[in-house]
Amino acid sequence: MTDFALFAAVFLACLVEAVEATTIVVAAGSSRNWRSALEGTVAAVIVLGVIVAVLGPAILLLPLAVLRVAIGGLLLVFGLQWLRKAVLRAAGVKALHDEDAIYQRQLAASQAAATTSRAGISDWYAFTLSFKGVLLEGLEVVFIVLTFATNQHNLPVAITASAAAIVAVVIMGVVVRGPLSRVPENTLKFVVGVMLTSFGLFWGAEGVGAHWPGSDATLLIIAPAVLIFCLLLVVIFRSRRRVAQTKATQVPVTPAATGSTSTATVTRTEPGALTRFGLFWYDFVIGDDWQIAAGVVLLLVITGLAAGWGPAWLIPVVAVALLIPYGTVRAAKD
């Protein structure tokens, strides 16, 4: 993987997360207090910088095979999540990620909240909103930077690419002073999902002992193949959606039954701090479909057991070709 390819992969992935974080910061600054919003942003960036400074060198000490298994597996889980969402949005099954709507929701919530000062911060709500938004989106940036950088043993290029993406989005946010709705976010997520899945498939299989024909050049086949496969899924889901809409228009509408209905009040207890912490990391790593994460682990285990077989690389290829439509169909039903 060349320095340019590493830079491009990290830049595009970080660009998506930076757009989402900037939308939150701009909403907090526009509706509340720009200084407090920017202070929250700076605080989050400092925390993320410490995480990179601590974890980066430590991860580099791990054996390459261990790194590739762990990184490959995580990239596959992340990539498959991004792909199924991008496929469903491109097919019209799910609504596109609307930065305008997100901005308006954040704006309304910010305007409704009370203004309080704390720890020298003039507007604590604006500070915490920006801090949480940048930190949560930034954790994905840190993950992407560390996974690509440690596997290629080139942390400076990955950090430079992520910084360039963040600076580019921040400049756009300052100029626009509003939601970055003109950024084709779903297209970017589609491309990044293809990249994460392709690299995860390649590195994960290598990490458990499979050998790709053509070595690194195989990536030039894997990535286009994943892209074409997902575009075919978009066509299939669009066709299914049209058929479903046609059938829906032909079904007669029956009037709803009238009568009194009783509603029960459900009391929900808030989870504790430890539970919330665990749920956060579960959602961050596993995502919204544990079966896909389990499938990724299973394909790596089976590939590792069959590593002595020449074409063992076929196992993860077939597995990913099954996991992509399986996860997408499951997500479409939700």
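Yeah, the Cβs are placed from backbone N, Cα and C, and that goes for glycine too.
Feature annotation from TrEMBL assigns transmembrane segment to 45-78 (among others).
A Cβ distance under 8 Å defines the sequence-distant neighbours of the transmembrane segment (124-149), meaning residues of its chain 6+ beyond its ends; these are 6, 9-10, 13-14, 17-18, 20-21, 24-25, 27-29, 32-33, 36-41, 43-45, 47-48, 51-52, 55-56, 59, 71, 74-75, 78, 106, 110, 113-118, 155, 157-159, 161-162, 166, 196, 199, 284. Per TrEMBL, the feature transmembrane segment maps to 124-149 (among others).
The transmembrane segment annotation in TrEMBL covers 155-176 (among others).
Sequence-distant contacts of the transmembrane segment (188-205) (same chain, at least 6 residues past either end, Cβ-Cβ under 8 Å): 9, 12-13, 15-16, 68-69, 71-83, 85-87, 90, 97, 144, 148, 151, 212, 218-219, 222-223, 226-227, 230, 296, 299-300, 303, 312-313, 315-317, 320, 324. What TrEMBL lists as transmembrane segment is 188-205 (among others).
Long-range contacts of the transmembrane segment (217-237) within the same chain: residues 1, 83, 86-88, 90-93, 190, 193-195, 197-199, 201-202, 320-321, 324-325, 328, 332, each at least 6 residues beyond the stretch ends and with a Cβ under 8 Å from a Cβ of the stretch. Residues annotated as transmembrane segment in TrEMBL: 217-237 (among others).
The transmembrane segment annotation in TrEMBL covers 290-307 (among others).
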Positions on the same chain near the transmembrane segment (290-307), where near means CB under 8 A and six or more residues out: 69, 72-73, 76-77, 80-81, 204-205, 207-210, 313, 315-316, 319-320, 322-323, 326-327, 330
Folded-back contacts onto the transmembrane segment (45-78), same chain, C-beta under 8 angstroms, at least six residues removed: 134-135, 138-143, 145-147, 149-151, 153, 155, 159, 196-197, 199-209, 285-287, 292-293, 296-297, 300, 320
